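Q: Can you keep this structure in mind? I'll have questions shortly.
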Amino acid sequence: MTGTLILVRHGQSEWNLKNLFTGWRNPDLTELGQTEARATGKALKAHGIVPDLYYTSALRRAQHTLDLMLEEMDILNVTITRNIALNERDYGDLSGLNKDDARDKWGEEQVLVWRRSFDVPPPGGESLKDTAARTLPYYDAEIVPQLKAGKTVLIAAHGNSLRALVMAIEGLTPDEILKREIGTGEPTIYKIGADGALVERVEL
Ligand SMILES: O=C(O)[C@H](O)COP(=O)(O)O
């Protein structure tokens with residue numbers, strides 16, 4: 001028996017559009033972001049995927065993404081579990097700053113280290129390692145038991161909380177995760193075995 005894990009990054013947010021570091025700030029989706037969320041919901045439906053359990057973060061852009069996906073999937077009467085453990089990486093003092101302005105001020109390389117290195121946090125914020133330290137225990141405690149039992153679990157969350165999960169599930173090195181990007185609205189789908197380990201990644 002295998003479980004199915006569907007990870008979906010929220011659709012484009014108002015701050016993605018403005019190119020601002022967002023982290024724990026709380027912008028909503030843009031029109032495009034709403035369309036992306038709906039398209040992913042439609043694609044899951046077209047593939048006959050009906051999740052048993054639904055998780056999201058404590059942030060509006062991920063919650064709204066999940067709501068729109070559910071609408072497209074004609075799934076309206078379900079329990080949604082929202083948890084801060086699935087929130088985006090906290091961007092600390094960078095939150096609200098423009099990413100290009102930050103590159104001008106601190107240099108391309110430093111900003112890339114803050115955005116993509118495994119263990120260097122942005123000033124006052126979380127590294128990917130820090131993010132994983134809250135996201136993974138939640139995943140292990142709440143979600144893995146469901147996957148081991150053969151359930152289908154949908155998680156709508158964020159670029160970096162999902163990168164932390166992807167790193168652990170695929171067993172990627174800090175170097176490999178540095179290059180891994182997840183687009184807005186993009187689904188990543190895994191089959192997970194009864195032992196909780198990755199069986200295969202599935203493309204829609
Ligand atoms: O929080 C943010 O600014 C974005 O959602 C993710 O940012 P990143 O691409 O810099 O990791």
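If you go along the chain as it appears here, the first residue is 1 and each next one adds 1.
Yeah, the Cβs are placed from backbone N, Cα and C, and that goes for glycine too.
Those TrEMBL annotations? Automatic predictions, nothing curated.
Keep in mind the model is a prediction, meaning the values are calculated, not measured.
As listed in TrEMBL for this protein:
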- 9-16, 22-23, Arg61, 88-91, Lys99, 115-116, 159-160: substrate binding site (BINDING)
- His10: active site, tele-phosphohistidine intermediate (ACT_SITE)
- Glu88: active site, proton donor/acceptor (ACT_SITE)
- His158: site 'Transition state stabilizer' (SITE)
Q: Let me know how many other Cβ atoms fall within 10 Å of the Cβ of His158 (site 'Transition state stabilizer').
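A: Result for His158 (site 'Transition state stabilizer'): 27 neighbouring Cβ atoms inside 10 Å.
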Q: Could you list, ordered by sequence, which of these recorded positions: Arg9, Gly23, Glu88, have a Cβ under 6 Å from ligand 1?
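A: Near ligand 1, sequence order: Gly23, Glu88.
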Q: Work out how many Å separate Gly23 (substrate binding site) and Glu88 (active site, proton donor/acceptor) at their Cα atoms, rounded off.
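A: One finds 5 Å between the Cα atoms of these residues.
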Q: Three-state secondary structure of Arg9 (substrate binding site) from DSSP?
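A: DSSP call for Arg9 (substrate binding site): strand.
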Q: Expressed to the nearest Å, what is the distance separating Arg9 (substrate binding site) and the residue listed as 'active site, proton donor/acceptor' at their Cα atoms?
A: 10
Q: Report the same-chain neighbours of Arg89 (substrate binding site): residues 6+ apart in sequence with Cβ closer than 8 Å to its Cβ, ordered by sequence.
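A: Sequence-distant Cβ neighbours: Gly23, Gly125, Glu126, Ser127, Leu128, Asp130, Thr131, His158, Asn160, Ser161.
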Q: Which of these binding-site residues is closest to the residue listed as 'active site, proton donor/acceptor' if you go by CA atoms: Trp15, Lys99, Gly159?
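A: When the Cα distances are compared, Gly159 comes out closest.
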Q: Which one is it: of the binding-site residues Gly23, Gly159, which Cβ has the fewest other Cβ atoms within 10 Å in this structure?
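A: Checked Gly23, Gly159; of these binding-site residues, fewest Cβ neighbours within 10 Å: Gly159.
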Q: For Trp15 (substrate binding site), what is the secondary structure by DSSP, using just helix, strand and coil?
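A: In three-state terms, Trp15 (substrate binding site) counts as helix.
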Q: For Glu88 (active site, proton donor/acceptor), just count the other CB atoms lying within 10 A of its CB, please.
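A: Result for Glu88 (active site, proton donor/acceptor): 26 neighbouring Cβ atoms inside 10 Å.
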